[in-house]
Amino acid sequence: MLDCDKVLTSFSGNISSPHYGFWKTDFNCRWVINVTSEYILKITFTTFEVSKLTSSKVYIKENNGVADTKVDSYSGTNPPILNRAYISFSNIVVVELENKKDSEVGYFALTYQSVKKCGNDITNFEGILENNVTSDGFFEPNLYCEWNFKAPSGYTWNLTFQYIDMSLDVPSECINKLELYENVVSFNPTYTFCQRSTKVAYRSDNNLYKIVFSTSEKSEHRRKGFRLIYKMLNFSCGGTLNATSTNQTFTSPNFPLPYETGVTCRWLIKGFKEQNVIIFFNTFQLLKTDLCRDESLSIINIDNSEKLLCGESTTLPSFKSVDEHLTILFKSVIREENNLKGFNITYAVTGCSQEFRAMTGRITSPNYPKEHRGNHNCNYKILAPSGTKLSLFFTDFKLEDDFRCEFDYLTVTDSSNRQIKKLCGFYKPGPLFLTDNIASLNFQTDDQDHFGGFDLTYIASHGGCGGTLQELKGLFTSPNYPNPPSTAYTCLWKIILPANYKFRMYLEITPTTASLKDCILEHSQLTIYDGPSELASHNSYCKPEANKTLNILKDTILIKYTSTNSTDENIVFQLLYEGSLHFHINNNNNNYITNFNIYSNAPVEGGNSYSTAPTPLSDDPHDGDDSGDDDDLF
């Protein structure tokens, strides 16, 4: 007979199954762990080697002093997670091994530790929670405390830790720890603290929250613990919004008054299948911090990436989702004073047919940069102010390649309904310069061979060039590109990015008669200013430049181009830019452009289209000028 039926009353110990073997008879082993009533038990499996083919099972049962209640069972097909503690509800736990005859037993081992229980349910609207301390001001050893915060539906919790003191030094492992669970049924905490922190604040997205405080059994590891101020809040932000074709708005908490600090709000905006969600900023006023670390608004599912915004801005672009969902996450830190309003956002769904009335903008195919769907018939109408002229610049173009452009194509017509261009294939078109302020674009696809679609920047200007751009990515060229202009121009482009954003730019000045001879800046030049006006520091260019990367650590810049009435004296340029919070570009991160596709001067069949020459950017933010000059970095 096996001697494995035992009652264990020590405060800690080990349990293991009998040795490996193949047994001809049924048998059970039963260990009863019974400690005094002020304690509960922490059970941790350290080994579990049981074949999936065996019928052996290990049960963990609670006992109320009268009968066992099965809590969990483990087997070869359902093993426990090793070294993860199971915390009992009572002071009596039964471990039972059950084995059927003609079955290999396998082996398991576990440890148990009695811990002093504490904690309770918290349902009052506000209060202070702190651990008990002994006469020396430190918490007791060998504690397991669990507090369950339970607010009514429609409420959430604001938690502010005035201090957390778990360890004197940075521990190699969590000896004492404070764990916060946003998912109360999860075994994995949302946050874990093992050392010292001051003034930590959280706002839960849920009405239920759990805090677990556990300490080492060794007295020398004791510290002060924690002190928490908690408050139940009306759930005034976040949730699911259903977008329609009618404009709707949502705001930061308390808008237009200053928003409540120390909050986290998440909105999921849901549109209709095969449509996109578009948002516009009516007001945006948040705290400005480096890289938006402390307070931010994240827009998720834009260009296959996340856009992070902070600071104050009156010129933010619109944002369109890749598919029918858009997530917005607002986070703010605890601050004693706040006079910032927050934000007011308009949202709606948009089909693939849109109307554009601004002076500049960005137009993309449905689902861009993902593959477009089949059987599209999308109409984009640009109605710029009267007296302006439109220019279209393509930053990306990938449609089905077909000599006659019969299957997937983009047509561009002017105000008189005259077709300017019909485009298809993988070659990026050159810029299109129209003679007035109205253009119509029609995007047609069939049900086969779907590709990435297109991305273009349009600019309306009174003089045929220049403008104010607010998109995070764009491209523009000198007038009459790829040929030198024959008219005297003074063109000014102002590019405004969100606060804290920086520029990564790619500049090419094409070899021409003017750029190949002695550079005379008085004739024709391109000047890039490190700021919004001509008073800022600047660099001027008039010689050929290829693969020149410019990094500018400002969020607003001015670019000026001048030409004369002589074609031979004028340079030709193209400039592609992207704005990012993070100056360093990582080729494995979709948040950044990693290939600047430029217009080549070699025409392809069809006349005005130009082939694509991909040029990878260096990962080094200071790279990009092989001449050794450093004028490309402001």
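Cβ atoms here come from the backbone N, Cα and C positions, even for glycine.
Reviewing Cys118, Cys174, the cysteine that TrEMBL connects to Cys145 via a disulfide bond turns out to be Cys118.
The 10 Å shell around the Cβ of Cys145 (disulfide bond) contains 22 further Cβ atoms across the protein chains shown. Around the Cβ of Cys118 (disulfide bond), a 10 Å sphere holds 16 further Cβ atoms from the protein chains shown.
Note: the domain 'CUB' (4-115) comprises 0 helix, 66 strand, 46 coil (DSSP; helix = H, G, I, strand = E, B).
According to DSSP, the domain 'CUB' (465-580) comprises 7 helix, 57 strand, 52 coil.
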